[in-house]
């Protein structure tokens, strides 16, 4: 697939600049099950680039954008995916609270055309609370390929509301979506389909509705009565507090609920209500959907291999190894080209500074300190990220990530956690802060805390360049030399082993936490395995390069530039006979020697707290002190520099282990504090991986030296 204006998102400015906040006339909510294309519809409407992927849990907070249609401005709110308005997790609660309590002009529920029956369950619940709801049946291109036929005219008659069909990834149906939304917001209080429950529940709804003297619509009053009848303690307390329901009315509601329980006998009220909705969805779909019996046969055959007990995990590890091997193999040449280019630019910069007679300290700060650090970060980080992230994003779009969670579910259950933690681990491969936010998809607060505390055991994109570089110039070089086929295979295998070790440490620490600070039993884990979808190559390339590679590189440069200046200053300020840099390193050396590294390496990890990307540049700057990076235009010269400063294979292994297991970066720590609202859990998230890293390096070092 080629790059297009719509796929690149280059129409963002043209769409957004025409609409200011003052021009917004209406607010639209986008709801739906996870993984039905809500964010894709959102992007097509607004021109923004809310990240999309073929797996549940991509949206864990409300994203907002705007679009214009017929001289009106529309604010669109992309809600987290939810299967029901009876929320089970934090991100589902965000969606429920918006649909139930926020002020909006219309709700559009996005449904998957290949799984319409399951998606209708949510839409019928939305119809119970909103008069202005529309159903958008997305992915009609996939349903047609599978031979699924939907009678949209009959579906509209059954639901008594407008239904729009769409294939958002191709931009199909977006204009129809805008047109129907414009009609709905202007023709308010449409009377859509209403679910009829049994006589006992309907009678109770009427009685409770009459008790509620609230200034809300009859439909919302009916929904509120239904929730109070169900008797979910947390939800009822929230509703009573929000609507200021008096104790007398609460007491009467309790009596009505108990009477209904007596009349219904066996079975909870909630089960009957949910069962009625499911049955009604089934009845509607039998009338409007015609599908071949084995339309999911291809996916089932693939899943027999990718999720098999025997082959699932080995294939997962092999795939990761292949991706890393491709990254290492292809990144060497562009890295060297970039290094030489930056070296040539540095020569010109030095000539310019000599020409303007700049003082030596200014040349040192700006060129030896800031420029050389930026040059090294760019030349080393950009090529591997530009290769790794597109391939990882392809796996997302393909629908493979939920299979990873499925394969690891049993492992997490044995550690008293749940398989959703595997999804947050995958998010951590991109950015640990994103992985921490993604933990909202985990229902249990106990398991969510475990996932947050252990997320840092997954190496983020800031640590991958360090791992790949060290694995290539040390571990790979011991076999066939830097850049050789065998060397690259060994380097890829070593980075893969580090990631597998990260998964093992996640499981081990989760097990320990479940027996100490976070005791409990694992919750049930229901995971939807999305269909395999052909990735959109153009969008994948642009999204991974713009949203991930360049974003991470920019963040690294912003942090690395001042870090380079600080290191240069430390290297050129003397304390006695030594520079301040050497003094700090010598102070740390005794402890560093115990864990198989040196004081400069420890200092780099300490100064690297703002961002993991700058750890290796700080190490190199420290070794070069007031020198320049001009000669470091290949991995061989970098290896020689490190060896000259006492590095051995043991040092390289310990640096990789410390890179995997040390405290989170500042951004992630701030995110953990916001998510947990606790200094205690933030401190544990800081100290646990650090202790694990120090202990592991100490054991490896002592065993290595003993042998």
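Yeah, the Cβs are placed from backbone N, Cα and C, and that goes for glycine too.
The feature GTP binding site is assigned by TrEMBL to 32-39, 78-81, 138-141. Positions annotated as Mg(2+) binding site by TrEMBL: 43, 46, 47. Annotated domain 'FeoB-type G' per TrEMBL: 25-187, in sequence order. The transmembrane segment feature in TrEMBL is assigned to 310-331, 352-367, 373-395, 464-483, 489-509, 549-571, 600-620, 641-663, 683-704.
Among the binding-site residues listed here, namely 43, 46, 47, 43 has its C-alpha nearest to that of residue 140 (GTP binding site). Among residues of the same chain six or more beyond the transmembrane segment (464-483), those with a C-beta under 8 A of the stretch's C-beta atoms are 324, 327-328, 331-332, 380-381, 384-385, 388, 489-492, 494-495, 498, 612-613, 615-616, 634-636, 638-639, 642, 647, 649, 652-653, 655-656, 659-660. Same-chain neighbours of the transmembrane segment (489-509): 317, 320-322, 324-325, 327-328, 408, 411-412, 414-415, 421, 425, 453-454, 457-459, 464, 467-468, 471-472, 475-476, 478-480, 656-657, 660-661, 688-689, 692, counting only residues six or more beyond its ends whose CB sits under 8 Å from a CB of the stretch.
Of all Cβ atoms in the protein chains displayed, 22 besides its own lie within 10 Å of the Cβ of residue 34 (GTP binding site). Note on proximity: of the binding-site residues 43, 46, 47, the one nearest residue 80 (GTP binding site) is 43, by Cα distance. Scored by C-beta pairs under 8 angstroms, the transmembrane segment (352-367) has its highest count with 549-571, from the stretches 310-331, 549-571, 600-620. For the binding-site residues 43, 46, 138, the ranking by surrounding Cβ atoms (within 10 Å, all protein chains) places 138 first.
Neighbour list (residue 36 (GTP binding site), Cβ cut-off 8 Å, at least 6 residues apart, same chain): 81, 110, 111, 112, 119, 138, 139. Of 32, 34, 78, all annotated as binding-site residues, the residue with the shortest Cα distance to residue 43 (Mg(2+) binding site) is 78. Within 10 Å of the C-beta of residue 78 (GTP binding site) there are 29 other C-beta atoms, taking all protein chains into account. With all protein chains in the displayed structure included, the most crowded Cβ environment within 10 Å among the binding-site residues 47, 80 is that of 80. Taking a C-beta cut-off of under 8 angstroms and a sequence separation of 6 or more, residue 32 (GTP binding site) has the following same-chain neighbours: 38, 79, 81, 82, 109, 110, 111, 119, 122.
Ranked by Cβ neighbours within 10 A across all protein chains shown, the binding-site residues 38, 140 are led by 38.
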